[in-house]
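Since the structure comes first, as C-alpha cells, the remarks are kept for the end.
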Amino acid sequence: MKFLFLFLAILLAMEPVVSGRRHMLRCMGDLGICRPACRQSEEPYLYCRNYQPCCLPFYVRIDISGKEGKNDWSRENRWPKVS
C-alpha cells in the first residue's frame, strides 16, 4: 500500500510530457496557421514571420481596403438582419 502511494506521489510530481509535434504558429488574429503548404480547404494569405504562407480557411474574408463598402459582406447585407 505504501508503494502505491509513493508511486502516485511520484507520478503526480512529474511534469506532463508533450508529444514531439511542434507548436503551430498562428496568424491573422488566430484565424490562420503558418504552414509550408496550405491544405486543400485553405487559402494562402500574406506571409508569416517564418516566411511561410498564412493559411486561412476558405470561408474567411479579408477586406484589404480598410473600409466597409456596399458589397455582399457589408454590415447592411449580412444575414440574418437583426432589428
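Every residue gets a Cβ built from N, Cα and C, even glycine.
Features as listed in Swiss-Prot:
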type: DISULFID; residues: CYS27-CYS54; note: disulfide bond
type: DISULFID; residues: CYS34-CYS48; note: disulfide bond
type: DISULFID; residues: CYS38-CYS55; note: disulfide bond
type: SIGNAL; residues: 1-20; note: signal peptide
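Cβ neighbour count for CYS55 (disulfide bond) (all protein chains, 10 Å cutoff from its Cβ): 22. Among the disulfide-bonded residues CYS48, CYS54, the residue whose Cβ has the fewest other Cβ atoms within 10 Å is CYS48. Cβ neighbour count for CYS34 (disulfide bond): 18 (other Cβ atoms within 10 Å of its Cβ, all protein chains included).
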